[in-house]
Structures are given as C-alpha cells and as structure tokens.
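K.L.:
Dumping what TrEMBL says about this protein:
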| type | residues | note |
| --- | --- | --- |
| TRANSMEM | 20-44 | transmembrane segment |
| TRANSMEM | 78-97 | transmembrane segment |
| TRANSMEM | 109-126 | transmembrane segment |
| TRANSMEM | 138-158 | transmembrane segment |
| TRANSMEM | 265-283 | transmembrane segment |
| DOMAIN | 283-605 | domain 'ABC transmembrane type-1' |
| COMPBIAS | 371-380 | compositional bias 'Basic and acidic residues' |
| TRANSMEM | 449-476 | transmembrane segment |
| TRANSMEM | 547-570 | transmembrane segment |
| DOMAIN | 632-883 | domain 'ABC transporter' |
| TRANSMEM | 954-972 | transmembrane segment |
| DOMAIN | 959-1271 | domain 'ABC transmembrane type-1' |
| TRANSMEM | 1030-1052 | transmembrane segment |
| TRANSMEM | 1107-1126 | transmembrane segment |
| TRANSMEM | 1132-1150 | transmembrane segment |
| TRANSMEM | 1217-1237 | transmembrane segment |
| DOMAIN | 1305-1565 | domain 'ABC transporter' |
Amino acid sequence: MQNFAAQTGTRSNMLRYDFLLVLFGTGVAIIGLFSLPAVSAVGARLRRRDVKQEIYADADGVATPESMKAFSATLPKSLILIFAAAGLGLSIAITLLTLHDPEVRVENLLLIAASWGVLLFQAVSIASSRDSVEAYNLGIYTFFSSITLGGIVLSQIHQIADDLLEGKPLIAALWVIELTLTACLAVSGLSLPRRPDVFVNGELVDRMYTASAFSRFNFSWPNELLSLASKKKDLDIADLNRPDHFTRAAEVSADWKRRNYQHRLWLSVILAHKWAFIIQWTLTLCTSVLNFAPQWVILQLLRILETREPGTKNGTDVWIWVIWLFVAIIAQAWVESFIFWLSWAQLTIPVRAQLSALIFEKAMRRKDVKGADKTQKKAQTDGSSEPTVAGPAGESTAADKPEVPEEEDDEEKIKKSKQGTVNLIGVDGKRVADFCAYQNMFPGSLFKLIVSLSFLISLLGWKALFAGFSAMLAIMPINIHFSKLYSAAQDRLMKVRDEKLEVVTEALQGIRQIKFSALEPEWEKKIGKVRERELDAVWDVYRRDTMLIACWVTSPILLSAISLAVYAWLNGSLTPSVAFVSLGVFKALEVTLSVIPELTTDFLDCWVSINRIEKYLKSPEVTVVSKDSDEVAFDHASIAWPADDDVAEEDRFVLRNINVTFPEGELSVISGKTGTGKSLMLAAILGEVDLLGGSLYVPKPPPLSERHDSKANKDNWIIPKAIAYVAQIPWIENASIRDNIIFGLPFDEERYRKTIEVCALTKDLEMLTDGENTEIGANGINLSGGQKWRVTLARAIYSRAGILVLDDIFSAVDAHVGRHIFENCLNGELAAGRTRILVTHHVALCEPKTKYLVELGDGGVLHAGLLSELREDGALQRIKSHEQSQQEIEADEANTAVNSDTDGDGPQEGADGGALKKVASKSKARKFVEDESRAQGAVRKHIYLTYLKDSGGWVYWGFAVFLFVLVSGFSLGRSWWLRIWTGTYAGGSPSAQIFNSTRQHGFAYSIGIQQTSIHTWTAPSIYISDSLTYYLGIYVLLAVISSVIGTLKYLYVYLGSIRASRALFAKLNFTILRTPIRWLDTVPVGRILNRYTADFHIVDSQLANTLAFGAGSFLALIAVVVAGFIVSPYTIILASVLLGISLYYAIAYLDGARPVKRLESTAKSPVFEQFGSALAGVATIRGFNKADVYIERMYQKLDNYSMMIWHLWLFNRWMGWRMSVVGSFFAIFVSILILLLPDIDSALAGFALAFALEFSSDVMWTVRLYANIELNMNAAERIIEYTELPTEPLDGTKPPAAWPTEGRIEVEDLVVAYAADLPPVLKGLTFSVNRNERVGVVGRTGAGKSSLTLALFRFLEARSGSIHIDGLDISKINLHDLRSRLAIIPQDPVLFSGTIRSNLDPFEHHTDAELRDCLERVHLLTDSAGASGVATPRGTSETTSPTPTLTVKNTNIFNNLDSAISEGGLNLSQGQRQLLCLARAIVSRPRVMVLDEATSAVDMHTDSLIQRSIREEFTDSTLIVIAHRLSTIADFDRILVLSDGQVAEFGAPRELWERGGIFRGMCEESGEKKKLQRIVFGEEAE
C-alpha cells in the first residue's frame, strides 16, 4: 500500500515537472517572440549608419533646441542594462548552486538563464538605440518579456516553496531577489521617455505621447499640471497643453476628407476610428473575464479556509492566492481605467471635434436657405389662398425670398433654422461622440453575461439559476415598458428644449425693442410658458427614471434570494464560499443587466442625432451657377432665392429673363421699388441663388491659397476677379474697427487712412475713445446704423477685390455724407478701375458718374442699358421719376452745416458710452465685450445655500437626510438579520459593488450603492431546516422595504430639483430681461444662452442625480466602516490610513478638475458664438472668399474646447486609477489580517473580504460624486451669478391711467452720461415741447441726438436735471409704465417670429379692420391689395392671368394678417420691416412718439408717402423726429439743433431762418436754398 502511495506521488511529481517544463518552454518562446523587434532594430542599424536626429519632429509638432537639451534617457537605459546583466548573473549562480537539487530540474534553470540572456540582448539593443521612439517601443517589449519571465520564476518558486522555507534560506533569498529583478527590469523598460517635448505654433503639445510608457499607462503625466493647480488654486488656458494630431480639429477633418468615405455616416465614423474601436472592444472582452477573476480567487481562498482546522497554520498556497487576488484586482482596475481613458481620449473627443469641424465646413459651403415658421393653424383654415412666406434667419442679403409652401417636418425645420444648425454641434455631435465612449457596454454586457452564467452554473447548478432568472424575466416586460416611456419622455424633452432655445434666442436678439416697448412681462410670460412645458417634460423623465430604478433594484434582490433558496433546498446545505461568491457574481450581473435599457435609449438618441447630422451634411451646397468671364453678365437668366427642395417655379419669387451686362471697371446702378428683387440680383453675382434658366457670367476669383495676401503690396494690391460684398444688413464681427476693415489683409497704412477718409469715418474715429482700436460688439451693437454701414463699406474698399458688390449703402447716411461717399469713395482714387455694382434708390445722386443702369420691377428688368442710351430714349427720366429728384437731394444736403452724419451719436440707443468720449490719449483699447468671468477655488457656500433654499429649505433637506439614513439603516439591518440567520443556518451575501465596473452608466452605480450590504457569517455550512422560509422571508421583506424607500428617496430628491430649477429659472429670466441695456450690449448672446440652455440642462437633469448618488455612496461608506468595526478594530486603523491617502488624491484632483470644468464652460461659448456669427454672415464671408479663414478659426476654438474635456477626463482617470490601487491594497491587507488571525472561520472571512472590497468602490464613488457635485454646482454658480446682476430700477410711482393726456415735454438742465466713469454726453440741456407739436432734431455725430432719445426712455438716467412729461417727472415714474406709454421707431426695425397680426398687436387689443387700416396708412396695403410694387413680399407668389412677357406676378404678403413672419422679420425686405414697425406705432396711438431715421431703407416715392402718413396720422401726438433729410423736418413746428450735448438753437424753422444762425447757414450752404425757403415759409406743401 505504501509502495502504491509512493508511486502515485512520484507520478504526480513527474506530471507536475512536465507541466512546468511545458510552461517554461512556452514562456521562453514568448520571450523570444518579444525579442524579434530588437533583432530587427539591431539589423537595421547595422545596415545603415545611425545618424542622430538634430531636432525631433513628428505629426504632433516640433521639438525646440531647449526641449532637445532637456531630453535624456540615460538613466533608464543604464538601469535596464544593470538589471538585465544582474539577472543573468544571478540566474547562473542559482543554477550552479542548485545543480544537484532533486527538487529542481536543470532544464528549467537553463531555460530561465537563457531567458535572461535574451533580455540582456534586448537591453543592449535599447541602450545602443539613438532613436527615442524606437527605444521606447523596444522598452515595452522588454516589459512584456520581463513579466513573462517573472511568471516563470514565480511558478518555480511556488513549486519548491515548502522545500526552500524548511532548510535553504540562502537559495530562497536568491530566488526572491531574482523575482524582484524581473519586476525592476519590467518597470525600467516602461521608464524610457518617448520623445522630447514638442510644440505646435509655439505651444506645448500634450505629453501623453511624450512621457514614458509607465507614466502614460499610470496616468502620471499630468502630475506637474496638478501640482501647479494645487499651488495656484486655479488654472488658465495657457497652463493647459495643446491637443495632439489625433485630436486636433484640422487634422481629424483632413483625415476624414482624405479617406473620402461614401458610406452611411455612422459606418464612416466607425471606419475612421476603427483601431480605437477594436482596442476598446478587445479590452472590454478582457475586462468581462477579469471582472470575475477576484471572485474566483476568493472562491479558492474560502474553500481552503472551509477545510482548515481551527488553529492550524496556513500553507504557502494560501499566500500565493493572496498575491493572485492582488494581481486580479489591480489588473481588472487598470484595464477598466484604460478602457475608460481610451473611450474618451481616442473616441469621444476626436469624434466630436471631427463632426463639429465637418458641420461648420458644410455650413460655409451650404445653400443659405432658411424660412419662416409655418403660418399658424388659423391661417390655414381661414379660407385664404395666400401661401405663407419663407425667408432667411441669418443675414438678409435680400429684398425678396423664396416661398416654400409645403408643410415642413421637424428635420426640414432643423436644416433651415440657424439655431438648429448650431444645435447640430451642441447637441447632436455631443450625443454621437458620447455614445462612442460607452457603446462597448453592449458587447461588454453580453460577454459578462456569458462568463457570469458559466460561473454561476458551476457554483449553483442550472436549476437554482433558472429559478432565479425566471423571476428576473417576469420583471423584464415592465422594465422594457418603462424604458420605452423613458425614451419617449427624453424625446419630448429634447423638442421642448429646442423650442425654448428659439424663444430665448429671439428675445435676446430683440431685447432693445422689448425694452423700448416695455414688453418684458409679456416675454417673461412667453419664455415662462415654454419653461413650464420643459419642466413638465423633465418631471416626466424623472418619473420614468424612478420606475426604472425600482425595476433595477428589485430584480437582483429576487434573483439572488430565489437562486440561493432553491440551491439550499436542493442541496440541503449552503456553504459560505458558494453563498458569498454567487452573490458577488449576482451583483456584477445586476450592473451588467441594468445598463442595457438606458444604453438602448442612448443608442436610439444617438441614431436620431447621427441621421440628423448626415442629412445636414448631404443637404445641397452652393454650386457654381456662373461661367467664368471678364465681365458680370446675365444672358436670358431666370434666378430665384435658394431652396433645398424642388419647389415649383410659380411658388417662388423669380426674376425672369434678365439680359444685362455690367461694364468692366465702371459704376453700374440697380434700382427699383422696395421688394422688386434688387438684392436677389446681387446675390446672383455672389452665386447665392438658384439659376432656373439662361446663363450667368461672373469672373472667377483665384482661391485663397493662390492670392498670397501676406505678400500684397501697392503694385499688386487689386485682384481684378476677386469680389467684395456689402450686405443690406451690415455684418460686423466682435473685433476692433480696424480688424473689421482690414479683414485679415496686411496693414497698409496709406491705403487704410485713405479708406477711412473716403468712407467718412475720420470724425467717427476721432469721437471714439479708442479710435480705430475701439472694440465693436457682436453685430456692431455699439455702432449706429450709418457707422455700421460705413465700416462694412470700408472693408470692401480696403479689400483687394476688383469687383465691388454694394447693397443700398446710401440709405442710412445723410445726403451730404452720401455725396461724399459717392464722390470720394465710389468714384475716387481707391475705386478707380474697379467694377462697382450698386443697388440704390438714389439714382439722381449717382447719375453723373454712372455708366450702366438697371431698373427692376414686375418680376423682371423694366429698363437696362448704358446711361447715355437710356437718356436718349427717355427711359432715364421715367426711372428718376420713381426715385428721388436731384433737387430733393440737394435740398437734403442742407444738413451739411450741422449733420456730418445722420446716425446720431456714436453708440446708437444706449450702447457703449466710450464711443462719445473725446480723449486725446490713445491708451490700451477698452474691451467692449468683456471676457467671461469665472470663479476660482471651491464653489462658494452661498451657491450651495441658494440652491438648497430654492429646492425646499432646511425642512425639505432634513427629511431627505432622514430618508437616506433610513435606507442605509435598512441595508445594515438586512446584514444584521443575515448574521442572526447564519448563526443558526446558512445564508449569504457578498459585497454589493465588489467588482463593479468603475465606468458604470446612468443609474447603474446608484443601485450598487443602494444595495450595498454587509452580510456577516458566523458559521460554516449548517443543514437546512423548516425555518428557511422564516429567515428568507424576513430577509426578502427587509430587502423589499429597503428597495421601496431607496426608490422613493430618488423621487423625493427629484421633487426638490424641479422646485429649485423652477425658482432659479424664474429669477434668471426676470433679471436678464430687466438688466440695463449697456450690460446686454457688452455680453455676447451666446454667453447668456449658455446659462439658459447648457447650464440649466445640468441643473435640471444631472444635479439631482449627483446629489442623491453622492449622499448614497457617502452613507454606504459610513455603513461599511461601522460594520467593519464589528469584525475587527484593526480594519478601522487601515481604513483611516487609506482614507487619508484617498483624501490627499481627492483634494489634488479637485484642485485641478474645478478650474478646468470652469474653463470648459467658458470655452464652449466661443464655439457657438463663432458658429452663430459665421452663419449670420455667410453671404459676406463667401462673397469675400474668406470661408477658409473662418474654418481655421473654428478649428482653433474647437481645439480649445477639446483640451478642456481632455484634461477633465485625464484628471478623472488620474484619480480613479489611484483610488483603485488604494482600494486593492485595502483588500490585500484585510486578506492578510484574516489569515493571520487563526480564530476567524470561513463565514467571518467571507464577510470581512466583502467589506474590504466594498471599501474601494465606496471611497471612489464618494470622491467622484463629490467632485461631480462640485463640477455640476459650477452650472448653478454661473446661473446664480446672473440672477444677482443689477437690474434697471423697478420702483417708482404709477402714473394716472390716461397719462400722458397732452404729450407736453419739458427738459430742464439735463445732464446725462453713459456710465459713471464717463463724461456727460448731454450737458445741461433745456427745452420744452408743446402738446401735439412736431419737433425735428438735427446735429453732428456726437451732438447727443440718440442720447436724448435714450434719456427720454430712461435707458440713460439723469445725473442732474429732469424731464417732465405732462408735468410728471419721469425719473419718479415706474419704468415699465413710462416706456409702455411712449412709442419709438428705432433705426433698426425689430420684428418677432409669429404673424403680421402678432407683431402689430401682441396683446390682441385691436380688430382686424383696425390693423388693416394701419397697414394701408403705411402703404403696405393699397386699395388694389396685392398689386403694389412697394409691398411685394420676399418670396410669396401666386399665378395671375398670363401676359405675353411675364406669366407670374408676385403677391402681397400683407393681404393676410396671419402671414408668417420669420425670426427677426427677415423674410421681409429692410424697407418692409421699417414700414411694419411704423404701422405698429400707429396701432398703439401714443401721445409721445419718437422716430429715429425710421425711413432710411425705403425708396423715395414710398418715403414721401410715409412722411405724409406721419403728418396725417400723428396729428394727435407729440412727435420728435431725429432728422434723416432736412426736407423731412423743414416744415415741422420747431427745430432743435444740438451741438456737443447742448441746445445750439431751438425754434420754429421760420424763426431760425430769420435769426440767421446755424439752421439758416445749413440751408444756405445747400444747393436748393430757395426750395427749402419755400417750405420753411409755407409756400410749398410737402
């Protein structure tokens, strides 16, 4: 018998030796494979002489001499050589010392020595390499070789461990040293830096590909940055490094274009990033197995402990398992961290940059098609046959726009709306990119399911598992149902958010008109209504979410309870190893299953978004409609405004059968009544139209790359075929005046000075505080109308273009300035030899120098030809009869003596007062648009208190804390019950979140936290008795109660969140609508929109979850510590030490993440501002051929934004990985503690390990969620900052209901300034206006004309003096009452989206008849409504009876009061908008009416009609008119002449004439003194 046993032992030893030999042989083969790159590298080096690189450069950037000097790899190379040589020597020594040891086979020792020899060869090849990247790569192969060798050595030690420990301490020590050397060599292999620091455009590129592999895979390269953040307590953009070439927008966009994909967009995205996706999926497969590795190790440990007799010593195998536990936890944590990082750094960020760049590039090439919303239902049912109007929402280049009569679906609307286009980057691009980060959870969940089920079947058997899963399957339909509801609720929420965005954008863009008309309460209500719908949608999402949480919480409880009960019943016993490990696996499985529903909804969202982007990217682009030629010519051309779809020709505004040739190098004029298609003709020259027939010839400008602008000089400045364009609505950037004029060209001092002079900007620049360096707000907000026009004209004149396309440049300037521009600019030195094509109503002004004239009307060309020909056949006279006469022009030039410009004083209507301050010194220019402020350090206590107060106050949060503590109590209670149960019985449960993924989506982690429970085991296997039902029943009951309260606590927090959101939004909305106009002018709309949208999305949707989960994980951590104390006081010491380390990392992380999150918020706005601005000016940008410049700028802004996101996730991984390591140490310490305490049985050991493993995840989630609370509170901080802005005065007495009854105005010693630190613009102004008097105001730029208007409406408060209206001091009157009783027609007419009716009568106080009457009074309707040329809409048309030449007449939009008006009224021409504003003023019948150059954009005939309307309609009103033309006000009751903020003259025109002062001087200097005299003396009726 003994012989048999001996033989059996010998055979098993032989088998073990053979197995080791095979293992060693395989290991050596792997090491050999890893050595092939070193062999190849040495061979290549021998074949060619290795020349050392002077300056390192790669796709990321170029090193500098300084960074080359600082770069050194000497130390790691030396260490690699030393460790490899020492390892080989030690291995030979061990072989010699153990040559005759029967326990060790010589073959194994020789294989180990050979491996060291190969490693030494690798070390030599690394040390001799001069290429840092090659050495870095070889170092990684050495790392894998060393790890393989370490595994071989460990296996050998494991085999002979007992023998070594008994009597060979020296040999044992040598083996341990050899194992240590393999580890040291592995680390040294990873310590080689990859390259010196590289720079792009002088800025340091991120060091991920610069640092050593150890630093890269350990997330250590941001250490320097984090220590800087800790020191400064802040970070700036300059502190952060630039993106590498895999992330830079320009490179990812170029890469996309190079590949030229023809597939669907989603497939193209996958192919473009296929390697990142492949690595992500491969590592996900690994992590699916690694997730269960620690469970498997614990299973082995517990089985050993179950068989251990109390008091016996542990064998080495137990300690080896402890090491494996450490390796398993570390490996799993690292792979998950790396997947997380790869998902964001190599997928999300590049994909987002790529899609954003492609969308912006497309916007620069896309047809400029935008339309009004469809007419409201009423319009479609009132029997009217009129089609609705479509028009642009960006830059109006037009007087007429296309009709798009079909009902548009949502996607069509998205394509056509500017904001919708911006949303493609802001919402859709983000969704797609984010989904790329976690789509790997789909395969990951499947892999995990397969692995976990295999594991569970081996543990529990299929019957018990099937019983548990049947319970889960029963819940599945409920889960699916609520997932669908959740998805639908999310869709509704997205739609309402789009609506809110549109309403808020419109309000902010029309804020001046809202304030002038005192419409703040109405708009507050309007925005509030949409907001309420949004909050309803948010609450819907929350409710569905709560139900999903309930399903996710209940299903794992049922799964584990039923499976274990059936197992116990079938097997008659339940061992701790089975119970603990199976419950651990159930927990991991729960997370796996719980993410699927939400992931599915995210997938659907992403699918919708990527299709929206694809549809946009495939939408029609501006095609070349013209043929190259030396002249601009139309040959039987029919043109229409661009439309996406095949719209029937009869449904569009079309100019037909045009035959025109504009002479090269000459001035050509296009004229015609308002709305006849003049701007359409210019757009055709720019290529911004659909050519429906015939041919169009335009010179083809050279591409930007061939223009060599930087080398331009006087001799080659003009490029004959290049085009410059001045749009009807001037498009101005947020930059200095000089930058707006130069527009990216080199600065030519002489040309620039001449341009300023001929464009009549010299005086304006003298008036401005900072001269040419004055910063202009977005859309030129702090310039007057005329200044905007002249700046855009100067841009065209300064440009290198040989062809100037100018739209209506005279309409906003005085006749005197107009003549100056005509003589010196259009026909001066700078325009000589350039082809000038000008749209204007001022034909008579242009006649002397015009070569070619076109008159449009009736949908085509009425007259066209050389001026000399038209003069001969009498056509010229007919054209001029439609326009302003020469006499009128000369009469208007009476302005010369006083008005150098019609625009009033610099900043129109309350903009930057700096524009009015004469200062000799030109110090550093003041910023008009201030940089966005951002807080520093931790979020202030005040912010938390405000949020807590708004969400319900102390009582509410007190109850919330009670609920959370109750849930934790039930978790502990459940554990305690299990402890009692296992005292008598068997039962079990492991850690809740033992090995949960560190990247869990949505609510998954919250359930882990909720379900966290400590299950204490006091005895090993005990046989089942009848009391199973009793114990299990109570356990399940406790679990169910805990899950119900756990679910309700979320609903409770959501309630508070909605309450806080409602309160904060109401405060923000109230404040923003009532902030002073100066603040609104200096803050870009995008910045305010960010508060209304992105920041509120966080406060609405994320903050509540973060608060709830954060509180949950913190209490779970406390529960873990409390429960741990019960097991052993030593664990508390360990917990404290490791918590201290965790706290250190957490603080370092927060110091870095906080400022970067704030920078991210401020880096987002410029992307949207640039996009919005470029969309608005797309016609100008393309006209100047500057699209590439704007694309480059967008790349820069996208890179800034990418870097913020990059660093946020980098810091997140830095912290997450370190937390995982700290947690794994805790698990190892506890394992060692368990093994060192002989009295602990397997049940208590199982519980202790569960607790230890839970510690890691709870600490990490607590820190991460606290950080998230801080970062999300950043959104609340930005909102609260805006809710606390100063508002305009809200107090004041209420005037009588009928006030003002007479309209008497008395201004007494009025002193007014734009800001406290600026000098006054009105200096002691005194005058009075009697009842129903008409007063004209004239004065030079800066005289104070607009300032007077602003003072009257209290946009500027008086420093001293007063204004009385009907005896009441307006400074004492409530501001809203004051503005609502006065009326103004500003120079820039503002209309709101809706209908003609909603614009005329927003509060529905008037009948349709009254509204029609007002439209007739301003000549938008005539008796033969529809036939009026004046009222031709931009794009509505209907067929009329055919005529021989024209088959289509364009209809009148104003026939139908329900005709749609697009955002900003941009589907009407500029003239029509001004007329509609005038009609709006007539409707309200005010007692005091102010007109600020209100008729500058209409033709002369219409203008004279309007002047008559004003005289007739406002007989019962006091009228103050800031004069546009002297003839307009020459017959007024009195004239107020302002000069330098003071009254120069005031009196009746006749009286002023007779007095012989400034007014008389003006008239005498004009060319038509007699005509004006007749008007003044009442001898000629106007």
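From the backbone N, Cα and C atoms, a Cβ is placed for every residue, glycine too.
Could you place the listed features in the three-dimensional structure?
P.N.:
Counting residues 6+ beyond its ends, the transmembrane segment (109-126) has Cβ neighbours under 8 Å at 24-25, 27-28, 31-32, 34-35, 38-39, 41-42, 77, 80-81, 83-85, 87-88, 91-92, 94-95, 98, 135, 138-139, 141-142, 145-146, 148-149, 152-153, 156, 185, 189, 192 in the same chain.
Long-range Cβ contacts of the transmembrane segment (265-283) within its own chain (Cβ-Cβ under 8 Å, at least 6 residues beyond either end) map to 255-256, 259, 335, 338-339, 342-343, 346-347, 350-351, 354-355, 432, 436, 440, 443, 607, 610-611, 613-614, 617.
Note on the transmembrane segment (449-476): residues 288-289, 291-292, 295-296, 299, 551, 554-555, 558-560, 562-564, 566-567, 570, 578, 581-582, 585-586, 588-589, 592-593 of its chain, located 6 or more positions outside it, place their CB under 8 angstroms from a CB of the stretch.
Same-chain residues lying 6 or more positions outside the transmembrane segment (1132-1150) and placing a CB less than 8 Å from one of its CB atoms are 226-227, 229-230, 938, 1121, 1124-1125, 1211-1212, 1214-1215, 1218-1219, 1222-1223, 1225-1226, 1229-1230, 1233, 1255, 1259-1260, 1263, 1266-1267, 1270.
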K.L.:
Go through 78-97, 138-158, 1217-1237 and flag the stretch with the largest number of C-beta pairs under 8 Å relative to the transmembrane segment (20-44).
P.N.:
138-158
K.L.:
Any residues 6+ beyond the ends of the transmembrane segment (78-97) with a Cβ under 8 Å from its own?
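P.N.:
Contacts with the transmembrane segment (78-97): 106, 109-110, 112-113, 116-117, 119-120, 122-124, 126-127, 139, 142, 170-171, 174-175, 177-178, 181-182, 184-185, 188-189, 191-192.
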K.L.:
Can you tell me which parts of the same chain pack against the transmembrane segment (138-158), counting only residues 6+ beyond its ends and a CB-CB cutoff under 8 A?
P.N.:
20, 23-24, 27-28, 30-31, 34-35, 37-38, 41, 76, 80, 104, 108, 111-112, 115-116, 118-119, 122-123, 125-126, 129, 164, 175-176, 178-179, 182-183, 185-192, 213, 316-317, 320
K.L.:
Would you report the average pLDDT that the model assigns to the domain 'ABC transporter' (1305-1565)?
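P.N.:
Taking every residue in the domain 'ABC transporter' (1305-1565) and averaging pLDDT yields 76.
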